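Okay, so here's the structure we're looking at.
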Amino acid sequence: SKIGINGFGRIGRLVLRAALEMGAQVVAVNDPFIALEYMVYMFKYDSTHGMFKGEVKAEDGALVVDGKKITVFNEMKPENIPWSKAGAEYIVESTGVFTTIEKASAHFKGGAKKVIISAPSADAPMFVCGVNLEKYSKDMKVVSNASCTTNCLAPVAKVLHENFEIVEGLMTTVHAVTATQKTVDGPSAKDWRGGRGAAQNIIPSSTGAAKAVGKVIPELDGKLTGMAFRVPTPNVSVVDLTVRLGKECSYDDIKAAMKAASEGPLQGVLGYTEDDVVSCDFTGDNRSSIFDAKAGIQLSKTFVKVVSWYDNEFGYSQRVIDLIKHMQKVDSA
């Protein structure tokens, strides 16, 4: 089945890279603010992930990547995008604007069959690869791939809960800057702190990522909450999860459980490292979450802090494609 991308921002462009890498077919891109020639440039050059290795060009009004033709639309409203013209059925909604079932459903007018929101959603069912994909059923038309932070936290929480039972926990994500922030102090009426200069501040912020884990792991509903610090790095973030456990264990027990999961059921989603790593070491890492065995600490047999890294752009974009591939498998069964 063919994929369309609405919104050619950080995630939209990296979803296209991920699709090419993973053998998924993107046939259309819509963005009202980016002309075709500029799309070529923005896709080719990336300050964080480097230059695209293949060939990118504009040809006959289409974006051509490695010889594959991608139809380009410049529609402002989702209901006006003629997806069926390009044969696009699975739409990645990565504008960050149409994040509810009602708003995302506008894509169906132009021929879309399914919509995958690349952000948390207030009402669409949320999926995290490695955690709750089995809950997807073909009658679901609009789904959410949750947030990059939920994708990092949920696999770690799953392993902890299944092995040692999470009683309650608090999460902090030390998060790289994103497009919504300001380069210097500027207006941000809904989030005053968020309007302060991104390059010169550590900015406390809210995040629904921890609460969202309760949506993908129902047994943890109401047991986790969290906040964020936005820091002046361009990419790669880290989750710090402090939990009270129901079963006594040593920190070595936790390490062993994480390592086993990373080599078994969560391979490709959860990573494990005992190296002396720092954030840059995870640029371009396509896993959702990499458990840092050396960074975690334990106070008592039931009170621990675990640390896990994630490339908040790249790993997440790969999961969008993984989710679509799973949906296609279920839908065609």
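Just so you know, glycine gets a Cβ as well, placed from its N, Cα and C.
It should be emphasised that the depicted structure is a prediction, and the values quoted were computed from it without experimental measurement.
Swiss-Prot annotates Ser147, Cys148, Thr149, Thr178, Thr207, Gly208 as D-glyceraldehyde 3-phosphate-binding residues; of Arg193, Arg196, Arg230, the candidate listed for that same site is Arg230.
NAD(+) binding, as stated in Swiss-Prot, involves Arg10, Ile11, Asp31, Asn312; the candidate among Met51, Met76, Met227, Met258 given for that site is Met76.
DSSP assigns Met76 (NAD(+) binding site) to coil in the three-state reduction, outside any helix or strand. A helical conformation is recorded for Cys148 (D-glyceraldehyde 3-phosphate binding site) in the three-state DSSP classification. Residues within less than 8 Å, Cβ to Cβ, of His175 (site 'Activates thiol group during catalysis') and separated from it by at least 6 positions along the same chain comprise Thr149, Ser205, Thr207, Ala228, Phe229, Arg230, Val231, Ser237, Asn312. In the three-state DSSP assignment, the secondary structure recorded for His175 (site 'Activates thiol group during catalysis') is strand.
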